[in-house]
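Colleague: If you scroll down you'll find the structure; I have some questions about it.
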Amino acid sequence: MSSPAELREGYEHFDPRAYLRNNYLPPRADFSSEEFVVPWKLRCLAETFASGEIRGRTLIDVGSGPTIYQLLSACDHFEEIVATDYLAVNREELGRWARGEPGAFDWSPFIQHVCKIEGRGEPWQDKERRLRERLRRILPIDVHRPEPLGAPLRPPADALLSAFCLEAVSPDRAAFVRALAHVGNLLRPGGHALLLGALGESFYLAGPARLPVVPLEESDVREALAAAGFALRELRSYAMPPALRTGVDDVDGVFFAHAQKPLEA
């Protein structure tokens, strides 16, 4: 398996726009049915945040990539959202959307769908504006360092979210566990962690980049969270249907995990 250094070299060829085309346009981003993968991910997040349990001052999104869909339900429950990514090209893509610049990726179908499933009758433009207001920082991060941001987050985050990051930047399961523990350092005791990730995936494409992924099963996710010191609250999984196996990866499915960092003794 690749080393972290080899993985970093591979990511130098990562094309954010190709990644967005592969995963966040049809057929995968089809909102006509809950059977499609993107509506499934959005519902997992919407239902979890709807409980009202996960809230506070700061949410940190670890390895945001060039995407904001994972923050749409979160933005109603936090004063500040901190997005992060290792790659400058992804941070630049996020910044273009946050500033409302022409040519930024159009996330409006995602925002409209989240407003629909949340069922509050809110104009989607209000949610878009609120997320832009609360997305106050976009920072570089390296999850392979014990202090992923280079220094402690002060105060620590009340919640942590990470979508399709850790398994895609770790050379093996042991590194995946270490990365989980490292990002846990950004979270306050008792804070919540929400993870979306790939099951049974060994690679994905992003333009000229063909990037390795640690193939995970549900049992690996459970064991990794426990080894990293998290208490698992919920684990859901989604099987990728044949129609969505488009050749841009070899993913078998997707997991959603809600875990909690224990209170200090």
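Glycine is no exception: its Cβ is also placed from the backbone N, Cα and C atoms.
Just lifted these from TrEMBL, have a look:
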BINDING   Tyr19, Tyr24, Gly63, Ser64, Tyr69, Asp85, Asn90, Asp142, Val143  S-adenosyl-L-methionine binding site
Colleague: Could you state, as a whole number of Å, the largest distance between Cα atoms of any two of Tyr19, Tyr24, Gly63, Ser64, Tyr69, Asp85, Asn90, Asp142, Val143, the listed S-adenosyl-L-methionine binders?
Modeller: 25
Colleague: Note down the number of other Cβ atoms within 10 Å of the Cβ of Tyr19 (S-adenosyl-L-methionine binding site), including every protein chain shown.
Modeller: 23
Colleague: Which number gives the other C-beta atoms within 10 angstroms of the C-beta of Val143 (S-adenosyl-L-methionine binding site), all protein chains shown included?
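Modeller: Taking every protein chain into account, the count is 24.
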